[in-house]
Structures are given as structure tokens and as C-alpha cells.
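Visitor: Below you will find the structure I want to go over with you.
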Amino acid sequence: MEKVVSRFLRYVRIHTESDPSAPPGVLPSAAREFDLARLLVDELRELGLTDAHVDEHCYVYATLPATPGCGALPVIGLLAHMDTSPDLTGKDVNPQILHYDGGELVINRELGVVMDAEHFPELDRFLGEDLIFADGRTLLGADDKGGIAVILQALEDLIAAGTPHGTVKVAFTPDEEIGRGPLGFDIPGFGADFAYTLDGPAPNEYAYETFNAAQAQVTLTGLSVHPGSSKGLMKSALLMSMDFNALLPPLETPFHTDGREGFFHLLSLTGNVEETRMIYLIRDHDSARFAERKAVMEKAAEELRRRWGSDCIRLEITDQYPNMAKWLEDKPEIVALAVAAMRLAGVEDPVAVAIRGGTDGSQLTSKGLPCPNLPCGTQYAHGRYEFVSVQALTTCKEMVKHLVSADLVKRVMEENL
Ligand SMILES: [Zn+2]
């Protein structure tokens, strides 16, 4: 069995589901994330990365020092997250490897977990490959233990082969799936010039664009009186909420949009006549259109005040994460290096995907650590259909080896001077 696969199978068996119900300041959200962190520290030390350690918030850091003569090369960071999504349990993951020759793939007959290319079109890309699944009861956790396995195996191979490289920094983080990954990340301590998260799907897809993201909290205040004698008196906060939503563009929702189209997403609506609260997600890749979306909301609030009085609505818009593209466009060598590494790993058609979401990298980039996202092969993450192919893991591992090898880094830096 390929070493990257046996590594991967070892990591997915460790339960590291993050816990969204943990109080906001608690990091990591679940103490079990330390179980994997400690194992990874041991394995990093076995590889000779003697400074490997895990801090009190469950961030694992380690350094692979530059080989002789390569100390002047940029310091490259490699990142992956240790937690798995709380969308489906990651306890007692029992992986299996199924060869895919087309047709039906039975993950679990008893539970009716069966896949075919008609319902899961991505499957078509993996004809003839060996796919690693869980057993239909849990998620697999290739998101993002695939990334961890790929990074560690690439380092092991690189060291064994004596390939020249600059300084490589490694970090494994907790709580990415609940949006807290960057919170405790020590960017100055990490000391990388730029980094890559290994947390993407198919081996030919990379990303340096994410949404710009904000959340809007809308609080509507009404006045309740007996409906039989309320003419001119009653103000229904529930009806106001419908008014508000009707003032937003009806075809700009997640249901109606894809690619680079942004949206408003009504995430929750709770209330009664006296008070109703709505939470919206605002998303757009384009910064100008993102600003316009916020303005549309402000205008809708203004209109409601005109209809129902100045105290009827409170609108609070909070930025969540920015599109990392605006930082990375100034440093084209970072993306160029990734694309060159993909090609050397045998990927013929690298393609940039604008992520319809965020990554840990979006926040790290905005805080000063440029950090595009590279693939680790995960498909259909966060559920029982999640899989990664043996071939994809191997390709991504080769990509990481090239990504930090002195030959390629020197060539790409010179080309982008
Ligand atoms: Zn992930």
C-alpha cells in the first residue's frame, strides 16, 4: 500500500469532529482534536523536524530547515486542518477502498448508501481509480486529513530523496470547519513568506479567490394589540420581515446563482408580532458588488422606516472574511508556483476555481500570510458520500514535493521577477 494511503487511513480513524456548541472563546472547541495533534507531533519529530510541537490551543507547528545553500529561498508554509465537519459524525470511521469501473458503487447496502454517476457527476472523473470511502455511517474525514497525509508524506519523500529545498514551515490547525481555524494562528511565529492550505477537491483545481462575506442581522420591532381592535395601531414585525425580504432582488439567492454570481441568503427567521429577527449571509467575489449588496440592504431598511416608522428596524452588518484575490494578484509568483507544481505532478489541466465560500486562507491572507488553496483530492465532503481516490492522494503528494523543491521555486521566482 502506498505510504500516503496508510498515513491517511491512520489519521481518519482518530475522531476529531469540532464542536460548534463550544463557547466562542474556547479553542480548540473539542479536546479530542489533541489526540491527532499529539500523534502528528510524534510523526513530525520522527521525520527529523525537531521543533515540532502543539500549543495550548491545539495548533501544531514544525520546521523543515533548508538544505545547504537554499537558505535564501522564500520560506513556504504548508497548512491543513485536523478537525472534521460536525455535519455528520466522524466517530469510529471505518474506511474501505472500492475500485470504480463505472455503474453503481455500493458504500453500504443495508443503509442504502449507493452512488452512481447520474446523481454524483464527479464520479465520472475517477473511472478506473481506487476510491477510499467510510462505511456509510460516518463521514470519511478526507477533508482535511487528506491534506495532512499529503503534506507529511511529501516531506518524508523529500527528506529520503535528499531533494534540495528552502525552509518549509508546517502547521496543522483545529476548528476550521466551524470557522475558528485562523483565530489562534500565530502568523509571525509561523514565519512563512507565503503558504498554501491543502484543503481542496480534484487534483486539477486550485483557488485564490473566495467570496467576500458578511452577515446581516435584522431586528424588526412591532406593536401587538388585539387583532379585532387594532386598526391603525398594530404593527406586525412578521409582516415587516416579509416587506424587507421583498425589497431584495428575488433571483439573487443561493438557489439561483453559481460561478461568480453573488447572493443574499436568508439563513434564519424567528419571531412574532412584537419582534422578528432575520439573519442573512451576503456573498460576492467582486468587492464593488459586495459593497453594493450592503447598500441594497441599507436602502431596504430605509424604505421600511418610511413605511413603519423610524424605530421599526435595526440592521447590523458584520464583515466575516474578504476575498483573498486582491492580495494575491500583487504576488503572481505564489499562484504560478502552485500551477507549475501541479503540472510537474502530472496534472494536465490546472484550473483556477473561484470558491463559493471561504477558506482559512482567506483570513490568513488578509492578516498578512498569503495563502491560496490547493487540492488534496477530497470529493463530496461533509457527508457519508465523501471519498478520496488513492491516485488523487498520490498526485497531490507529488505536487507538494515539487512545490517546495529548490529547482522549481528558483525557476518560478526568476520568471516572476
Ligand atoms: Zn476542509
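Backbone N, Cα and C define each Cβ position, glycine as well.
Worth saying up front: this structure is predicted, and the values here are computed from it rather than measured.
I grabbed these lines from TrEMBL:
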type	residues	note
BINDING	H81, D143, D199	Zn(2+) 1 binding site
ACT_SITE	D83	active site
BINDING	D143, E177, H382	Zn(2+) 2 binding site
ACT_SITE	E176	active site, proton acceptor
DOMAIN	208-307	domain 'Peptidase M20 dimerisation'
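Give me the local environment of each listed feature.
Guide: Taking Cβ-Cβ distances under 8 Å and a sequence gap of 6 or more within the same chain, the neighbours of H81 (Zn(2+) 1 binding site) are D144, G147, F172, T173, P174, D175, E176, E177, G181, T197, D199, D360. According to DSSP, H81 (Zn(2+) 1 binding site) is assigned to a strand segment.
Under a cutoff of 8 A between CB atoms, and with a sequence separation of 6+ in the same chain, the neighbours of D83 (active site) are T16, E17, S18, P28, S29, A30, E33, P174, D175, E176, E177, I178.
Applying an 8 A CB threshold to same-chain residues 6+ apart, the list for D143 (Zn(2+) 1 binding site) reads T84, S85, D199, T378, A381, H382, E386.
Of all Cβ atoms in the protein chains displayed, 23 besides its own lie within 10 Å of the Cβ of E176 (active site, proton acceptor).
Per DSSP, the secondary structure of the domain 'Peptidase M20 dimerisation' (208-307) breaks down as 37 helix, 33 strand, 30 coil.
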Visitor: Taking ligand 1 as the reference and 6 angstroms as the Cβ limit (strictly under), which recorded positions among D83, D143, D199, H382 are close?
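Guide: If the test is a Cβ under 6 Å from any atom of ligand 1, the answer is D143, D199.
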